[in-house]
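Per Swiss-Prot, [4Fe-4S] cluster binding site is recorded for Cys3, Cys11, Cys14, Cys87. Feature annotation from Swiss-Prot assigns S-adenosyl-L-methionine binding site to Gln212, Phe241, Glu262, Asn307; the stated evidence is sequence analysis. Among the features that Swiss-Prot reports, active site, nucleophile is placed at Cys334.
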Amino acid sequence: MHCAQYAAGRCRSCQWLDKPYPQQLADKQHHLESLLAGHAVTQWLALVFGRESAFRNKAKMVVSGSVERPLLGMLHRDGTPVDLCACPLYPPSFEPVFTVLKTFIARAGLTPYNVARKRGELKFLLLTESTYNGELMLRFVLRSETKLAQLTAALPWLQQQLPQLAVISANIQPVHMAILEGEREIPLTEQQALPERFNQVPLYIRPQSFFQTNPPVAASLYATARQWVQEHEVHSMWDLFCGVGGFGLHCAGPETQLTGIEISAEAIACARQSAEQLGLKNVSFAALDSTRFATAEAQIPELVLVNPPRRGIGRELCDYLSQMAPKFILYSSCNAETMAKDISLLAGYHIERVQLFDMFPHTSHYEVLTLLALRR
């Protein structure tokens, strides 16, 4: 993949771009195998990868420049703006949208936030595309509500130019820190969730809910989890750190007792919407802390699925699972190092199978799916 900004030394987000893609994959596989070298793995499955470019469904654009000539992209370490509208990670459909958004910023009078001067209003634009129907979700991250009325008044023009814009919101982030978004989200359209569909499973993305940024590889990840679970005829399961419910909704059959737990109420609203659409009657989702929920339960399901943030599931949850001993633990991780530490704490389990999914080409990051079975 060629990137003009990388070649010019202006962007280093893809830190492995100089490395041939087959070598990237080999290095990731070697890294994972070295982390699990102290464990007996019954089956290593071939790694899964997708496109090298144009795979990202989401753009996070810093807004800089002036209101008349806004720039969308990032700030270089020296503070100068870098235009990323032509970033090769984005699908071709994004660049014309960015062109319209630049015009809209000027029309609406949304002054870009100046980090050095701590002045201005518009900090970021967050754009997400549905691979299911091509609809877009757009979030304006603002310092305050000062320009909200101007933004709202100008929206009809934007919606006329971009009819695929289905979900629009404003996020208020008043802090002068490198924080992408604040807690307060103000919906600006009646529709508040972007529909997505992986493997015939309907999923929904709300402004403040996490969703995978590489849809083709994410679809493979979910399909693999479903296959592994179905092979063991699991009748009851927990989906902890469940997000919008992608794993649990893929794995649950009509009779499966599924409980999904996620701290984000926005994500849980998405999961419930999907479960209702699928007609699943034995499924419940709740906005709770996954560790607190689990450790307060006196009974355990046959399978516990965990998909934690980079920090892993931690000692408390590992100790609880070791004590309660579900038949299976299905661990999906975006940080194999913390996953390996957690697995070392899970007493009484062996690794049945492991598979790497290259969700993040041109970086050292990857996703890994591991099935742990209770030793008999």
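Positions of Cβ are set from backbone N, Cα and C atoms, glycine also.
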Worksheet item: List, in sequence order, the same-chain residues at least six positions removed whose CB sits under 8 Å from that of Phe241 (S-adenosyl-L-methionine binding site)?
Response: Ile261, Glu262, Ser290, Val306, Asn307, Pro308, Pro309, Ile313
Response to the item:
Around the recorded S-adenosyl-L-methionine site (Gln212, Phe241, Glu262, Asn307), other residues with Cβ within 8 Å of the Cβ centre, ordered by sequence, are Phe210, Cys242, Gly243, Val244, Gly246, Phe247, Ala267, Pro308, Ser332
Practice prompt. Count the Cβ atoms, other than its own, that fall within 10 Å of the Cβ of Glu262 (S-adenosyl-L-methionine binding site), considering every protein chain shown.
Written response: 28
Worksheet entry | Cα-Cα distance linking the residue listed as 'active site, nucleophile' and Cys87 ([4Fe-4S] cluster binding site), given in Å to the nearest integer | 23
Worksheet item: Within the chain of Cys11 ([4Fe-4S] cluster binding site), which residues six or more apart in sequence place their C-beta under 8 angstroms from its C-beta?
Response: Cys3, Gln5, Met74, His76, Val82, Leu84
Discussion item. For a quick check of packing: other C-beta atoms within 10 Å of the C-beta of Asn307 (S-adenosyl-L-methionine binding site), how many?
Written reply: 25
Worksheet item: By a simple count, how many Cβ atoms lie within 10 Å of the Cβ of Cys87 ([4Fe-4S] cluster binding site), its own Cβ left out?
Response: 25
Worksheet entry | Check: same-chain CB within 8 A of [4Fe-4S] cluster site center, minus Cys3, Cys11, Cys14, Cys87 | Gln5, Tyr6, Ser13, Leu17, Leu84, Pro88, Leu89, His362
